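I have placed the structure first, in the form of C-alpha cells, so that the comments after it can refer back to it.
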Amino acid sequence: MWTHPISYDVIVVGAGHAGCEAAFCSAKMGASVLILTSNLDTIAKLSCNPAVGGIGKGHIVREIDALGGIMAEITDRSGIQFRILNQTKGPAVRAPRAQVDKQMYHIHMKRLLESTPGLHIMQGTVESLLDKENVIQGVTTKEGIAYLGKTVILSSGTFMRGLIHIGDRSFSGGRLGDPAATGLSAALKERGFPISRLKTGTPPRLLASSIDFSVTEEQPGDPGVGFVHRDEPFVPPLPQVSCYITHTTEKTKEIITANIRRSALYGGRIEGIGPRYCPSIEDKIVKFADKERHHIFIEPEGIYTQEVYVNGLSTSMPFDVQYEMIRSVRGLENAIITRPAYAIEYDYVHGNVIYPTLESKTIEGLFLCGQINGTTGYEEAAAQGLIAGINAVNKVLRKPDFIPSRQESYIGVMLDDLTTQVLDEPYRMFTGRAEHRLLLRQDNACLRLSHYGRDLGLLSKERYELFEHQKQIIEEEKLRLSKTFKKYGNSVVSLAKALCRPEVSYDTLREVFPEEVRDFGSILNASLEMEIKYAGYIERQKSLIHSLSKSENMTIPEDIDYQSISSLSLEAREKLAKFTPRTIGSASRISGIANADIQVLMVAVKKHAHK
C-alpha cells in the first residue's frame, strides 16, 4: 500500500450529489479537499429521473442556494423545462421543479469542481478506512493507495453492496453499468456501525422517435422560473422542451397481474424496503387494485439524446414482461426500450450513530451524507453534503458546529428527523414534515438563511447584499402598499388589503395597477405577496416558535447518564441512550418518548447544570 504524499483537510468519498456539494463547500471555506470517485465520467450523474426539485425537494434546493451551495446553479444551467408545482394550492406547498439535461448537468458540475481552488479530483474506489483510537486518519483504495486526511466524508449513494434485480436475475452493481462498492460496508461493520438494507428502483428508458406523442397530453413549462435567487428575469440558457402525460390501460394491469410472481419484489428476492411515495408499477397495481389506470409521465433526458424517462413505470419485472407492459401503454404501442428498468438494494447506516452535524458518533472526524443515511433523492443528498462539508471544515478549524433548526429550514427538519427517528423506509422530504411550513416557503429561503451563508464564507459579498436588498424591498413595499389606496371593486381599499383577498394575486394586482404595483421578478413578487396575504398566520407561527424556543433549544449535556434518571420510563432511557439527542426539542421527537419523560428530562438537565 503506497501512501499519497499530500494530506488533506477533507476527503470526500463519492462524487454524486452529496459528494459534489460537500467537496465544493469545503474548498470554498478554505480547506484542502480530495474527492474520490470510482469513475470521473459519472460525476453528479442523475441515476434515476432527469429532474431536480418538486414539493419539499424544490424548497431544499432553494435553501442550498441561500447557503451558498451549487445545486441550484447547476440546475439552472442544465434545465430544459422549469415549472412551479401546486400553483393553485397554498403558498407553503408551491415548489419549483426542473427537467434537466443529464449530460449537461454532469458537464457543468465536473467543470465547476475542476476549477475550484483547493479541490483535487481523483478516480479511485475506496475500500476501507484508516483510523486510530476511534479517530479518522484517511482511506485506502482498491488501487492500492492510502490517502491521509483530517476528516472523511462518506457519500456512497446506492453503491455499498449494491445488488441489481431484473426479474429472477440479480447481480452486483452500484447502478446499471457501474460496479458496487463492497469493501466499505465491511469496514463500517467492523467498526460497529449498524447497517441494514434499503431498496429503490428506476423505470425503463425509451427511444422518443418510437413514441406516438399525438395521443399523449403535452405538459409545457412555465416561463421565468429558475432555482437561483436573482434580481433579474431568468432566461434558461438551453432550449426548452415539453413533457408528456399518458396512462396505463386495462391490458397493462392484466400483464402485471399475470406475472406478479416474476417480479423480484413480489417473488421474494428483495429484502430491502422501498420508498413509500415512489412505488413500482407492480406495487401500485397490487395496492390500488380498484384503480383503472395510472398516470405515466414521459420526460426527455436531454436535448442531445432521443432517450426519455418513463416516470411511473419503475419495476423489477423481467425484461420480457417489461417489453409487453410498455407496449400496453397508450402511445407506447411501438416503443423501443433503450435501457431496462431495475430495482437495486443497498446498505445504509442507522441514524442513531450520527449527530445532526452528520459526524459519526463512533469515529471522530468521519461524516456520512446522502443515501448512506437512509434518504432518497438528489436534493436530500445534496443538502446533507452541504452540511457535512461545512461541519467537516468547522471541525478542522475548531469552529462551532453548524446545525440549522427545523423551525428555520427544511434542511433542519431533515437533520432532526434522520437523527431522532428509526427509518423503516427511505426518507423523502415533504412539506408535511415541517411544523411551520408557512414560514419555510421556497420563495423566502434567501431571507431565512443567507446570513449563515455569509458567516460561513460560502456566499459572496455581492450575493449577500442582493439578499439584504431584497429584504429591504419587501419591508418597504409592504408599508407602501398598505398606505396606497385605490378603488378596487366596489370600495376604496389599500392595495395591501386588496391583495389579501383570496382571488387576488400580486400579478393580477400589477395588471390592474401597473404604476403602483412594481415588478421585482417572480421569486420576490411571490415573497411579497405571501408576506402581505398571510401576515396574520405568519405572525402567529413566529409567536408560537418564540414561546417554544426556550425548551426546544435547551442543550442536553453530553455526559448525562440517562440510566440514573429513575423517573424516566425504561423505554425513554433506552431510546435516549441510543440516539443521544443534543437538545430537548430533538429528544421530544424520538418515537416512544412521552411528554412526561420530557418534563422529567428537563428537570434532570437543570439539576445537571447546577452540579
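Quick reminder: no glycine exception, Cβ is built from N, Cα and C everywhere.
Bear in mind that the values here come from a model prediction, so they are computed numbers and not experimental data.
Quick look at what Swiss-Prot annotates:
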- GLY14, ALA15, GLY16, HIS17, ALA18, GLY19: FAD binding site (BINDING)
- 274-288: NAD(+) binding site (BINDING)
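Nearest in space to ALA15 (FAD binding site), taking C-alpha to C-alpha distance over the binding-site residues ARG276, CYS278, VAL286, PHE288, is CYS278. Taking all protein chains in view, 23 other C-beta atoms sit within 10 angstroms of the C-beta of GLY274 (NAD(+) binding site). Taking only the Cα positions, the spacing between ARG276 (NAD(+) binding site) and GLY16 (FAD binding site) is 23 angstrom.
The local packing around SER280 (NAD(+) binding site), expressed as other Cβ atoms within 10 Å of its Cβ over all shown chains, amounts to 28. In this structure, of the binding-site residues ALA15, ALA18, CYS278, VAL286, the smallest number of CB atoms within 10 A of the CB marks VAL286. Taking every protein chain shown into account, GLY14, GLY16 are the binding-site residues, and of these the Cβ with the most other Cβ atoms within 10 Å belongs to GLY14. When the binding-site residues GLY19, LYS284, PHE288 are scored by other C-beta atoms within 10 Å, GLY19 scores highest. Taking the Cα of ALA18 (FAD binding site) as the reference point, the closest of the binding-site residues GLY274, SER280, LYS284, VAL286, PHE288 is GLY274. For the recorded FAD site, residues GLY14, ALA15, GLY16, HIS17, ALA18, GLY19 set the reference point as the centre of their Cβ atoms, and the other residues of that chain within 8 Å of it by Cβ are VAL12, CYS20, GLU21, ALA22, THR37, ALA44, SER155, GLY157, GLY370, ALA381, GLY385.
On the backbone, the CA of GLY19 (FAD binding site) and the CA of GLY274 (NAD(+) binding site) stand 23 Å apart.
Each of the binding-site residues HIS17, ARG276 was scored by other CB atoms within 10 A of its CB, and the lowest score goes to ARG276.
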